[in-house]
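Visitor: Residues or ranges marked as region 'Disordered' in TrEMBL: 1-117, 151-172. Residues or ranges marked as compositional bias 'Basic residues' by TrEMBL: 1-15. What TrEMBL records for 24-42, 102-117 is compositional bias 'Basic and acidic residues'. Per TrEMBL, domain 'Casein kinase substrate phosphoprotein PP28' is recorded for 83-164.
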Amino acid sequence: MPRGKYTNHKGRNRKFTSPEELEEQRKLEEQKKKWRKEHGDESSSEEESEGNKSGSGSSDESDSDDDTPAKAKGVSGLIEVENPNRVVKKNKKLTNLDNLGEGEKPQLSRREREEIERQRAAAAYQKAHAEGKTEQARADLARLAIIRQQREEAAKRREADKKAKEETSKKR
């Protein structure tokens, strides 16, 4: 054994109790209980508890001790903590299930509501854009009109050039 106040347990052998040893210990305890029952050791403790039940003063204390669960040690007895991430399964009645589909809408989170609102706004904008009611649609239509006009003018110029070439070729 090392000298000094503190000992280091690293490197020491570990001992695990085998299942056979545990079984033997359990059997020994059962034999001791049987022996006590036969020889009256437990019966005397039972008689004392029965005597206490008949007495008025101590019966209230023993009954209250049996009914209350063991006190929690430390702060855990003072604070009751509930895990917010834990999902508790709620049983639903069959009558409520039928009514659920008809009247009640499921509560949406803020993000879900905003996403649905964004989609509706985008659809409304697309519809107004297709009808030409938005500023961007008006600007696009104006650009298109200018481009059409330029293309028509270019087509007229090309046709005039073709006719001029044909006339020059016929004169020769």
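Backbone N, Cα and C define each Cβ position, glycine as well.
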Visitor: Just to be sure I understand, if DSSP states are collapsed into helix, strand and coil, how many residues of the compositional bias 'Basic residues' (1-15) fall in each?
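Guide: The composition, in the requested order, is 0 helix, 0 strand, 15 coil.
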Visitor: When the pLDDT values for the domain 'Casein kinase substrate phosphoprotein PP28' (83-164) are averaged, what is the result?
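Guide: Mean pLDDT for the domain 'Casein kinase substrate phosphoprotein PP28' (83-164): 87.
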Visitor: Sort the residues of the compositional bias 'Basic and acidic residues' (24-42) into helix, strand and coil with DSSP and give the three counts.
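Guide: Helix (H, G, I), strand (E, B), coil: 18 helix, 0 strand, 1 coil.
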Visitor: Go ahead and report the DSSP secondary structure tallies for the domain 'Casein kinase substrate phosphoprotein PP28' (83-164): helix first, then strand, then coil.
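Guide: Secondary-structure composition of the domain 'Casein kinase substrate phosphoprotein PP28' (83-164): 61 helix, 0 strand, 21 coil.
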